[in-house]
Amino acid sequence: MLLVSWHGLYIVIASAVLLWPTRHALADEDSLTSSQQAGRALLQDTVTDQGTSATFSSQDFILLNGFLIFFMQIGFVAAETGQGRAKNVRNILLKNLVNIMLCALCWWAVGYAFAYGKSAGGILGVSHFFSDGEDPGSKPWFFTWTFCLSSVTIASGCLAERTHLFVYPAYTALLSTLVHPVVAHWVWAPDSWLNSASGGALGECRFLDFAGGAVVHVVGGLTGLIGAALCGPRMGRFEDGVLKELPGHDVSSVSLGSLMLWFGWFGFNCGSTYIYMADGGSLASAAVSRVALNMTLCASAAGVTALVVASLQSAGTFDLAICCNGLMSGLSASTANVGFFTPWAAVITGTLAGLLYVASSRLLLRAGIDDPLDSSAIHAGSGLLGLVLSGFLARPAYVEAMLGRSCGGVVYGQNGGVQLGMQLLGLTVTLAWTGVWALAAFSLLKRLQLLRVDQVTELAGIDNMEHGGPAYPEFLQRATQNS
C-alpha cells in the first residue's frame, strides 16, 4: 500500500511539472494583445507565402521527389519480373541492378555535365564534369539522375528474356553519357539552340516538355523499340506467322509494380513544378496541386479506356495487364504536359493515350516486333502524343507562369501555330538523335553476335545457363518430381 501511494504521488508531481509550462504558455497567449496576435498570424502567412522556411526549401522538395522517382525502380522491377517467365527472373533482377549502378557512375562522370553544364554553342554542356562545382541553384544531380535512370530502365523492358547481359551496360553507358544528356540540354537548358530567346526562325515560343515526355519517355521507348526490332522476337512468340501468347508468371507483381510506378510518378511531375517555380509560395502550391490532379485524371482515363476498348475487341475479356499498361500510358503522356494543362485537357489526353496504347500494341505485333512489356508502346507512343497535344491544349497562363513565354496551344489562339511548330521541331530532333545512336549501337552488337543469347540458353532459361539456377528452385524440384 505504501508503495502504491508513493507511485501515485510521483505521478501527480510529474504531471504538475509537465503541465506547468503549458499553463504559463496559455496564460502568455491570453495576455497577448489583439495587435500582437494579428502580427504573429501575419508573420506565419508571410513565411508560408515565401514558400520556404529556414529549414525546408524548394531544393529539399525537389530532393524528396527525386527519392520518389528512384522508388519507381522497384515498380519497374516488379512489373518486368511479373510479366516475364519464371526461368528468367534472376536475369531481369540483375540487369536492372547493373543498369542502376552503371547509370549513376556515367551520370556523375559525364552525363550531368553534358546535360546541365555551361552551354557550348547551345549544343551541350561543358562544365560540372564529375559533379565539380555544382551550385545549389542549378538542377540537382540526384533529381536529374533519376530521370536519366528512368529512360534507361524503360529501354531494358523491351529487350527482356533473350538478350545477353552485356547488352544492358553497353546501351546504358550510351544513353547515360550521350543520348539522354544531349536531348536534356536541348530541351531544358535555357540557352540551348532549341530554347533560344533570340527570336527569328524559332519564334517567341519554347519547346514544351514539362517533366520528360521527350527527354525520358521518347528517348527510352524509341531506344528499346529499335533494340527489340533488331534483336527479334522471343522463340515461340510467332510460330508460322501465328501469334502465340507467352504469359508472365506473376500477375500480382505486375499490378503492384504498376501502383508503385504510379506513386513514384508523382515525383516526376510534382518535383518538376519546383524546378520551374523555385521561389515557391502560394502560386507554386496551387500549381503542384493542379499537377497532381491532372496526372491522376490522365492515368485514370487512360486505364479505363484501354481496359474497355481491349475488352470490346476480345469479346468481353477484361485483361489486368492491359489495364495496368493503359494507366501507365496515361502517366507517360501526362509527363510531357501536366503542368500546362487544365483538368479537362488531362482527361482528353488520358483517353487518347489509352486508345493509342491499344492500337500501338497491336501494330507492333502485326509488324512482328516482340516487346514483352509493351514498353515502347507505353512510353514512346504516349510520350509523343503528350508532346503533340501541348501544341493544341497548353494553356497560355500556365506557360507564362512556368516559363515566362506568351504562348499556348492552338485552341487558345495565342501563338498556337508557332507553339505547335516548336513541338514538332523538338520531337523531330529527339527522334533523329535517339534513333541514329540506338540503331548504330544495336546494329554493332548484332554484327558482333553479342546481342542475343543462343537458342539453348533461351529455351532452358537464362537463369539456368548464366546465373547459377532458377530464381524459384522449388519450381524445378516439382517439375522434376512430376516427370
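Just so it is clear, glycine is given a Cβ too, placed from its N, Cα and C backbone atoms.
Sequence annotations record features per position, and here TrEMBL assigns signal peptide to 1-27. The feature transmembrane segment is assigned by TrEMBL to 61-80, 92-115, 141-159, 166-188, 208-230, 251-268, 288-310, 317-338, 344-365, 377-394, 424-445. The domain 'Ammonium transporter AmtB-like' annotation in TrEMBL covers 61-472.
Using a Cβ-Cβ cut-off under 8 Å and counting only residues 6 or more beyond its ends in the same chain, the transmembrane segment (424-445) has close neighbours at 167, 170-171, 174, 178-179, 182-183, 186-187, 194, 202, 207, 209, 214-215, 218-219, 222-223, 226-227, 230-231, 384, 387-388, 391, 451.
Highest Cβ pair count under 8 Å relative to the transmembrane segment (166-188), across stretches 61-80, 92-115, 208-230, 288-310: 92-115.
No contact links the transmembrane segment (344-365) to the transmembrane segment (92-115), because fewer than 3 Cβ pairs that are 6 or more residues apart lie under 8 A. Here the transmembrane segment (377-394) has long-range neighbours at 154, 208-209, 212-214, 216-218, 220-222, 224-225, 302, 325, 328-330, 332-337, 340-342, 345, 348-349, 352-353, 356-357, 360-361, 364, 371, 407-412, 416, 419-424, 426-427, meaning same-chain residues at least 6 beyond its ends whose C-beta is under 8 angstroms from one of its own. Among the listed stretches 61-80, 92-115, 208-230, 288-310, the one sharing the most Cβ pairs under 8 Å with the transmembrane segment (317-338) is 288-310.
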